[in-house]
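Below is one structure, written out as structure tokens; the observations come after it.
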Amino acid sequence: MKGVYFLVAILAFTSSIASAYDPSPLQDFCVALNDTKNAVFVNGKLCKDPKVVKAQDFFRHVEAGNTSNPLGAQVSQVFVDQLPGLNTLGISMARIDFAPKGLNAPHTHPRGTEILIVVEGSLYVGFVSSNQDGNRLFTKVLNKGDVFVFPIGLIHFQLNVGYGNAVAIAALSSQNPGTIIIANALFKSTPSISSQVLTKAFQVDKSIIDYLQKQFWTDNNH
């Protein structure tokens with residue numbers, strides 16, 4: 001009997017610990033504010049009255065993306081901003097269209113793990129592990145029907161290595177996983193990151209950083 005009481009006590013203790021945590025944020029930042037007149041709703045969106053919800057709130061049609069851009073790829077997002085019915089459900093998706101040799105440039109999703117399936121064509125995909133893991137590169141060539149997982153927050157990419165167009169569908173474990181394209185974040189930030197910082201970080205001459213910051217960095221996520 002003492003063993004049962006001990007087990008119950010342990011379960012109660014662990015359940016209290018499990019429930020005592022901060023929820024994962026669904027936006028980049030949230031600054032504390034006492035004036036509610038200038039406040040916004042956090043970790044989701046305000047809910048529509050269930051009595052007036054319609055089937056259309058859970059529906060969206062996704063066309064093939066326009067790949068006529070420098071990267072030759074287009075990501076068509078279906079996040080909560082595009083599909084209101086996703087609010088609070090913790091999932092989202094995207095369609096990725098690739099022209100021949102098109103690239104979905106190295107990027108991260110700070111709030112979601114991604115699982116991708118190739119619908120058409122062949123893709124060279126990969127992700128890089130964290131510093132603690134030695135920045136190991138994990139890559140695979142995927143063909144139609146193949147599936148690959150990109151762990152949350154890790155830098156990853158997809159490149160069309162076939163001779164024709166390619167299409168992939170990605171599902172993500174957040175209604176608003178966020179996207180950070182590495183090149184854009186470093187060389188297209190507003191305002192620009194100091195060239196002193198970037199020359200030191202990349203160990204290159206300032207002229208190279210100046211050149212990179214003057215380039216037109218494509219944001220092909222829409």
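Cβ atoms here come from the backbone N, Cα and C positions, even for glycine.
Pulled from TrEMBL, these are the features on record:
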| type | residues | note |
| --- | --- | --- |
| BINDING | Asn104, His109, Glu114 | oxalate binding site |
| BINDING | His107, His109, Glu114, His156 | Mn(2+) binding site |
| DISULFID | Cys30-Cys47 | disulfide bond |
| DOMAIN | 59-210 | domain 'Cupin type-1' |
| SIGNAL | 1-20 | signal peptide |
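Taking the domain 'Cupin type-1' (59-210) as a whole, pLDDT averages 96 in the prediction. Minimal Cβ crowding within 10 Å, among the binding-site residues His107, His109, is found at His107.
With all protein chains in the displayed structure included, the most crowded Cβ environment within 10 Å among the recorded positions Cys47, Asn104, Glu114, His156 is that of Asn104. Cα-Cα distance from His156 (Mn(2+) binding site) to Asn104 (oxalate binding site): 9 Å (rounded to the nearest whole number).
Cα to Cα, His109 (oxalate binding site) and Cys47 (disulfide bond) are separated by 25 Å. Between Glu114 (oxalate binding site) and His107 (Mn(2+) binding site), the C-alpha separation comes to 12 Å.
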